Amino acid sequence: MSAIGTVHFSSSTRTLQSKTPHRQSRDFSTIPRFLSFPISKNVFLPRNSVSFLQTIHHVIDRKIIRRVSKEVSVQQPLDDNAPVSVQLQSINSETLFDRIVAEAQQLQEPLIIVWMAGWCRKCIYLKPKLEKLAANYYRRLRFYYVDVNTVPHKLVAYAGVTKMPTIQLWKDSKKQDEVIGGHRAFLVINEVRQMIENVTTVSND
């Protein structure tokens, strides 16, 4: 039988020392907090290292889930039946415009009216993005659009529309606010969202 190690005794204190290399403890405190990579089956790490890396993944996953959940809850509760996009409903006559505005007043609900034209490239590009925005307010706010070429000019003048696209918020049969969509689409969408939140917040107060 071969010796595992050599035993030495000092004159003052009896100590046991082994020359056989032993596993040194690993200090993982210096590993960056943002460390995140999959543990491959082909990589062999000490058990404590694997356990630590799995803990890192678990903590990171929990933080990401918590952050995403917080951002979603700020906007609105999740609805499994909520659509991704809501098609804008067309207003093609002055009579229909008056009826929709009157119904919204009776229900005490605001509504969004997008004034656009078939020849307006910005209007065509912006419309699907507004339909996605409409999905965020599904069952709470209705979105409509008016093609200015299909309605009488006096209706366009009554709404005070001079540029396309123009996104207006109506409440109590009156125009409360509007956004002129002459710049980048994402900026227009942000302004429309802010306009909606401002009016609905005042209404709730």
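A Cβ is built for glycine as well, from the same backbone N, Cα and C atoms used for every other residue.
Per TrEMBL, the features are:
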REGION    1-25  region 'Disordered'
COMPBIAS  8-19  compositional bias 'Polar residues'
DOMAIN    76-201  domain 'Thioredoxin'
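Residue counts for the domain 'Thioredoxin' (76-201) under DSSP, helix first, then strand, then coil, are 53 helix, 27 strand, 46 coil.
For the domain 'Thioredoxin' (76-201), the model gives a mean pLDDT of 93.
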